[in-house]
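A.B. asks: As annotated in TrEMBL:
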type	residues	note
REGION	57-76	region 'Disordered'
COMPBIAS	67-76	compositional bias 'Polar residues'
COILED	175-209	coiled coil
TRANSMEM	383-402	transmembrane segment
TRANSMEM	414-433	transmembrane segment
TRANSMEM	454-475	transmembrane segment
TRANSMEM	481-498	transmembrane segment
TRANSMEM	510-531	transmembrane segment
TRANSMEM	543-564	transmembrane segment
TRANSMEM	600-629	transmembrane segment
TRANSMEM	649-671	transmembrane segment
Amino acid sequence: MLGGNNENPLPQDSQFQYQTNTSLNQLHLLGTMRAGCTIDPINYFANDNLATMSRNNSKRARETETNHSIQRQQKLQSSLDYNYNNNSVAQDEAPKQNLVSTGLRLSYDNDERNSCANGSITTPMFQSLGDTIRLDLDRQKEELDQFLKFQGNQLAKGVRDIKQRHVTSFVTALEKDVSMKLQEKDQEIENMKKKNRELVEKIKKVAVESQNWHYRAKYNESVVNALKVNLQQVMSHGNNTNPGGVLAVEEGYGDSEIDDEAASYNYMNIPGMPNTGMRCKSCNVKEVSVLLVPCRHLSLCKDCDVFTGFCPVCQSFKTSSVQLPRGDLITRLPVLENLNAKRKRNLRVGGPIVCKSYQEDTEKLYQEEEIPKAKLIWRAIKLPIYSVALVPLTVAASAAYLETGLVLVRRYATLMLSSVLIITWLNLSNDVYDFDTGADKNKRESVVNMVGSRAGTFAAAITTLVLGVSGLIWISWTASNIRAILLLASAILCGYVYQCPPFRLSYQGLGEPLCFAAFGPFATTAFYLLLGGGSSEMRHLPLSTRVLSSSLLVGFTTSLILFCSHFHQVEGDLAVGKFSPLVRLGTEKGAFVVRWAIRLLYLMLLVLGLTKILPVTCTLLCFLTLPVGNLGSSYVEKYHKENEKIFMAKYYCVRLHALFGAALSLGLVIAR
C-alpha cells in the first residue's frame, strides 16, 4: 500500500499464518473481516465466548449487549484493518524469511509484535467482558430473587387458600350436621307437642263425656227419687180406700192439665173402676208397662216402646224410658199419674226434668250476671235474624229485574212485611215449644219467660202466622201464580215440622236441611215468580239455572246461621234430648264443619262463575265478602269451647249471610 502498486492489497492464501477457513469460521460472528488478520487464537476464543454468552442472556439484557457488541466490533475492525495494512507493507519491503514454529504459535521475528498487538486488543475486551458478565449476573440474581419471592408469595397464597377452603368445607359440613340434628330435635319436639295436644283433647273429650254421664246419672237419680217419693205418698194413702176397694185420693191430687184420663183406668179390674183397663196408647191392645222420660207418662207397652219416639199423651219427644215392674206399684199408678201432674202444675214446668246440676249451674249463671232489660228485649226480638227474610226476597227481586227489567216496589214491600211476620211466628213458636220441653226454662231472653205467659206468647205466634200467610196469599192471588203459592206453602210447612208437635224434627237433627229448603229453593224461587210481573205474558217466568243457583247459595248461608246458633246451648240441648248436629258432633268437630262449609260456599261460587251460570259481577262482588267468612270461621275455631263468647258466632254468620246476599243481588242488578 506504501509501495504504490495497483495490485490487490489482500495477501495470498499462502501468506496467512493460520488456516484461512478456520479463521473465517471463528470470526463469522464478529462481522465480515479481511482474511489477513493475525489475531491470536485467544481473541477467537474470547469472541466465541462472548457470542455464546450473548445468546444465553435474557431478552431484556440482549438489547444492551447487542449495542456494546456492535461498538466493540467496530473498534476491533478498525484495529485489525490498521494492523493488516502495516503487516502487508512490511511484508512487501522486507525479504521473506522462513518462519519456525516452536509449537507455542510464536515466531522468532513477530513475537514482540504479535504479543503487543494481542495484548492491546485482549486487555480492554476482558475488562468489558467482565463488567458485562457482572452486570448480567447481578441482573439475573436480582431477577432470580424476584422470581423466588414471587413464587414464594404465590405458594403462601395458595396454601392460605387451600387452608381456608378446608376450614370452610369443615365448618359447612359441621353446620349441616348440626342443622340436621336440630331439625330432628325440632321434629321430635313438634311430634311431642302434637301428641300432647291430642292427649289434651282426648282428656277434654273424656271429661265432657264423663260430665255427660254424670248428668245422666243425676237425672236418673232424680227420676228414681221422684218415683220413690211418689210411691211413699201412694203407700201412705193406700189405707184410705172406700168400701168398693177403690183408692181414696185427697182433694187436689187429681187436678191436672196434662191428662187426668189415666186416673180412671182399672188396670187390674179393681171393683168400682171402669173396666177399660190401662192399655197402650199406641196399639190400644197390650197393657202399659213403660214410663216415658222426660214427660213421665205411663202410656206405652214394652213392644211399642221400641219404635215410638214421642209420647202419645203429650206428643213430647222421648229421650228414654223405664220398664216398670208389675204388681202393687202398677195397681196404684193412676194415683201416681195424678201426683206427678200436680207436681208439674205447681212447679210450672211443662217439659222434662233436666239434670239437677245443669239447672243449678244455669240458675247460678243467670243470678250472677245481671243483664239489663233492654239487652234482654234485644235478644228476645232477635232483630239480626230477620235478615233471613230480607235476603231471599232481595235476591229474588234482583233476579226478576235481570230477566224482565221490572221493579215492583209495592209488591216487594208487601212480601217483605209478610216474610217478617212469618219469621216472627217461627221465633215465638220456637220459644213456646222450647218452654214446653224445658229447653228454655232458665233462658231469661225467652219471650215466654219475659212475658210470663205461655198462652199469650202462643196466641201472638198464631196471629203473626195468620197475618203473614194472608199477605202471601193475597200477593199470589194478584199475580195469579199457582207455582208461587205451592212453593210458599212448602216453605211454611218446613218451618212447622221443624219445631211444632208432633213432628219436631229439629230434635232429631234435621233442622238445617229443612232451613236450607225453606229459605233457599222454596222461598227464593217463589218470590222470584211473584216479582216477575203481572201481565199475562210475565206470569210464568222460567226457573233458569241462574235463579236456582242463587237460591242454593241463599239457603246455604241461612243454614249456616242455624248451625252456629247451637254452639252455646249444646249441654242444654243434650239435657232435654234435642239431638242437633252440634250435639252429635261436638263443638270441636262443629268448628271444623263451619270452616269447611265456608270454603265450600266460595268454591260453589267459583264453579258457578266459571261455568257462566252466574254473571261475572256476582262472582267478583261475592268474593269480596271472603274476609268476613274467614273472620267468622276463625272466631268459631277460637271460642267454640267458651259458651259466653261463642254466643256471638251466629251473629258473625248473620253478617256473612247479609253481605253475601247483598253482593249477589247487586251483581245481578249490574249484569242487567
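Quick reminder: no glycine exception, Cβ is built from N, Cα and C everywhere.
Computed from a predicted structure; not experimentally measured.
Burial and contacts for the listed features, if you can.
C.D. replies: Within its own chain, the coiled coil (175-209) has Cβ neighbours under 8 Å at 586, 588, 641, counting only residues six or more beyond its boundaries.
Remote same-chain residues near the transmembrane segment (414-433) are listed as 382, 385-386, 388-390, 392-393, 440, 446-448, 454, 457-458, 460-462, 464-465, 467-472, 474-475, 492, 495, 499-501, 504, 523, 527, 530-531 (criterion: CB distance under 8 Å, separation of at least six residues from the stretch ends).
Only residues 6 or more beyond the boundaries of the transmembrane segment (454-475), in the same chain, are considered here, and those with a CB under 8 A from a CB of the stretch are 350, 411, 414-415, 417-422, 424-425, 428-429, 431-432, 435-436, 447-448, 485, 488, 492, 530.
Sequence-distant contacts of the transmembrane segment (510-531) (same chain, at least 6 residues past either end, Cβ-Cβ under 8 Å): 388, 392-393, 395-397, 399-400, 406, 408, 411-412, 415, 419, 475-476, 479, 481, 483-484, 487-488, 490-492, 494-495, 497-498, 541, 543, 547-548, 550-556, 558-559, 562-563, 580-581.
Below 8 angstroms of C-beta separation, residues 385, 388, 391-392, 395-396, 399, 402-403, 511-513, 515-521, 524-525, 528-529, 581-582, 590, 593-594, 597-598, 601, 604-605, 608, 613-615, 618, 622, 632, 636, 649-650, 652-654, 656-657, 660-661, 664, 668 of the same chain, each at least six residues beyond the ends of the transmembrane segment (543-564), sit close to that stretch.
When Cβ-Cβ distances below 8 Å are used as the criterion, the transmembrane segment (600-629) is approached by residues 402, 545-546, 549-550, 552-553, 556-557, 560, 652, 655-656, 659-660, 663-664, 666-668, 670-671 of the same chain, each at least six residues removed from its ends.
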A.B. asks: Mean pLDDT over the coiled coil (175-209): what is the value?
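C.D. replies: Taking every residue of the coiled coil (175-209) together, the mean pLDDT is 90.
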A.B. asks: With Cβ-Cβ distances below 8 Å as the criterion, list the same-chain residues six or more beyond the ends of the transmembrane segment (481-498) that contact it, or say none.
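C.D. replies: Same-chain contacts beyond the flanks: 422, 425-426, 469, 472-473, 504-506, 510-511, 514-515, 517-519, 522-523, 525-527, 529-530, 539-540.
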